[in-house]
Amino acid sequence: MADVAVSAPVTVVNRRFRSLRPLLREPRVVWAGGFLIALALVAIFAPWIAPKDPLEQDLMMASLPPIGFEGYEPGYYLGTDDLGRDVLSRIIFGARIALTVSLVAASLAGLIGSLLGLASGWYRGWTDRIVSRLVDIWMSFPPVLLSVLLVAVMGAGLHSVIIAIAIIDWTRFSRVVRAETLAQSSLDYVTAAEAIGFSRRHILWREILPNVAPVIIALLSLEMGIAVIVEAILSFVGLSISSDAPTWGGMVAQGRQVLHESWWVLVFPLVTLFATVLAFNLLGNGLRNALDPVMRR
Amino acid sequence: MTLTSVFNRLAMAVLTLLGVGLVVFVLLRVVPGDPVAMMISPSATPADIAALRAHYGLDLPLAEQFFLWLRDLLHLDFGTSISLRRGVLQLIGERLPATLELTFAALVFGILAGGIVAVAGVLLRRTPLEAVMDFVNGLFLAVPDFVWALALVLLVGVLWPIFPLSGRLDPALSTDFYTPFYLLESLARFNWTDVGDVLAHLVMPTLALGLPLAAVIARTLKEALGEAMVQDYVLLARLKGMSETRLVLQEALRNAVGPTLTLTGVQFTFMIGGTVIVERIFAYPGIGNMAIDAVINRDLPLIQGIVLVFGALFIVINIAVDLIADRLNPRQLHG
């Protein structure tokens, strides 16, 4: 008995350590994850990193071009918008909103969707029928229209944007988690757990959930990319937080209007948006690849 | 698919649409803002407001409002738009064709571009070019329509102004159209100036919607083609001396199309959802663009009508895809 007690924690540590290694061997995870960590650091330390105040207007400095172009003003590296606000500083502060929304909204959508997916895949029967019908109804709404509708109903603002994304995108999780739960529940280890006499609930939380978790983690990353875009779309339509606040979508919308006078107001936020979405996508696909036991074999 | 299962699908579709209607109806009724407040003059008395609310049936209990709306729907009466003061069905009838022409153009573009890239990718297997194409395809898969639309605005607006960036038709062309299907009508009338102009206006939004679709089709079809190319029947055809291109187009393609088709159907519904923002960006007068205006104006009857139309479109496409997939699946032929 003593042997078992001593060796058990060691195996746990070993297993944890081993589970990280395939992640680091996946270049997509390393590069995209590295980029996103850097972006998160920029967002956290925005007040120290940003060269200017993102809200400060200076009409004397309006529509300045970025570095390397004629008329460039030192210190305004990526130029200024038509109100004289520094584009680089607004992008840096915009990362705060984009990352907050994506993290909170994706987690909420993941929580709702995973719970419903687990429940309908494990308990089946009526639970499954009701959840599946709900998913069908949800999938018949154009998501952009539904998000605009929800935010209009709740009133523009960060909270509304987050709740809208969670309400719309839980189906992405529930469909995949349900399928995965169904697949897992026919495997031998579940039959074994049932034979030992574990309760249904115990099997769901302690046996099935850990095996479904990798899928959920990969989906979370993909969903964060989607949330960044939805937030940008809602800012673009004018339904996110106030137009003064630096959001990438708001900057893009403004850039669309002054396109012919100052292209840089559109280009730089759009490139940032694209790079961020791409990173979340690569990270999600890389995670799915690295964590999927079938793919690893 | 047997007749019973088609009937079952249709019954389910009606149930789903009913659910869609109920969700949007309840959602809109818990809005704090009063839709009537937007359409009255500041000098209106409370009695005027009450009269107007009664006129639109907004003073009735929620359940009664819902059933009255359902009853009217059965008579094809979608109500009257509050902000535009015209029949909802009539407004949708004017705008929907624009969206249909756009989505159809994007679908055709997506299938053609994605198909060509997939076939080229399979023909270029194990060459350095394949890796390049896969990499670019991977990038394209990550770019959503919203980002495409703005990137195209940038490209065409600033660098290379060859296509119009907004609208559906040059206002200078004062053709009187009899139908809202501008492209079809100008084609039918052999009015090539109009055809050219409508097509030029379609290019940008079509690319924004079609490129993500093309990326998905290219990836899926290439995988399916790659799998088909190592099957025995392809090997046999190759031994008979068939050229590699003919092998792909005649033998592999037929068997690889099935799985791609199902996915294309799903992607097509996503694309129709994408029209909402893409039409907005290009000021294209379809129902997606109208939907955002309707939401901003709290135009309840119009929103309800548009959401139902979108829901119906989604459901019809899903059923159509299932039917076509069944028809194409050789295993089902004798079932």
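Cβ coordinates come from backbone N, Cα and C, glycine included.
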Ranges B:41-62, B:63-84, B:261-282: which does TrEMBL label transmembrane segment?
B:261-282
Where TrEMBL places transmembrane segment among the ranges B:9-29, B:198-218:
B:198-218
Take a look at B:104-124, B:136-163, B:261-282 and tell me which one has the most Cβ pairs under 8 Å to the transmembrane segment (B:302-325).
B:261-282
If we skip the immediate neighbours and take only residues 6+ beyond the ends of the transmembrane segment (B:136-163), which ones have a Cβ under 8 Å from one of its Cβ atoms?
117, 121, 200-201, 203-205, 207-209, 211-212, 214-216, 218-219, 222, 271, 274, 277-278, 281-282
Give residue numbers and ranges for long-range contacts of the transmembrane segment (B:198-218): same chain, 6 or more residues beyond its ends, CB-CB under 8 A.
101-103, 105-107, 109-111, 113-115, 117-118, 121, 137, 140-141, 143-145, 148-149, 152-153, 156, 163-165, 167-170, 182-183, 186, 260, 263-264, 267-268, 271, 274-275, 278-279, 281-282, 284
